[in-house]
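What Swiss-Prot lists as Na(+) binding site is GLY77, THR80, and the listing cites sequence analysis. For 7-27, 38-58, 69-89, 110-130, the entry in Swiss-Prot reads transmembrane segment.
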Amino acid sequence: MVVAPYLAVAIGGSLGAMSRYLVTIMAQNAWGIKFPYGTLLVNTLGSFLAGFFLIVLVGRFSAEESFRLFLFTGFLGAFTTFSSFAAESLFMFEQGYWFKLMTNILVNNVGSLSMVFIGTLVAKYVLLGHQGSN
């Protein structure tokens, strides 16, 4: 059994989970707990990073498989959280917080999809430079 891929995922996952916890705590301290801003922030930021690094590391530099496992499966997999989003949405549904529920669902989904796209655009801009602006 090859240990390197499992170790890459484990280390990335540990760092991603700790980062998610820190970002969530910072978001709660900044904006309070009336809305799951921490979950929204990690999901949208993680989506941006996934799009960015998909272009930079996979498309441009052909990163090693163990590094891709570390970053995408490990770090970003643990940093972003669909399960917290689902649980928080269920809580809002059960409490009858309809506006918060719909906002949470819409902003997490549209925001995350938009951010992965924006991440790819930013990566392409960074890699290609601003050639057209001369």
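Note: Cβ is positioned from N, Cα and C throughout, glycine not excepted.
Sequence-distant neighbours of the transmembrane segment (7-27) (same chain, 6+ residues past either end, Cβ-Cβ under 8 Å): 37-39, 41-42, 45, 66-67, 69-71, 73-81. Taken residue by residue with DSSP, GLY77 (Na(+) binding site) is part of a helix. Counting same-chain residues at least six beyond the ends of the transmembrane segment (69-89), those with a Cβ under 8 angstroms from any Cβ of the stretch are 5, 8-17, 19-20, 23, 36, 39, 42-43, 45-47, 49-50, 53, 57, 63, 101, 104-105, 108, 112. Cβ neighbours of GLY77 (Na(+) binding site) (same chain, under 8 Å, six or more residues apart in sequence): VAL9, GLY12, GLY13, GLY16. For THR80 (Na(+) binding site), applying a Cβ distance below 8 Å and a minimum sequence separation of six or more within one chain yields ARG20, VAL42, ASN43, GLY46, SER47, ALA50, SER112.
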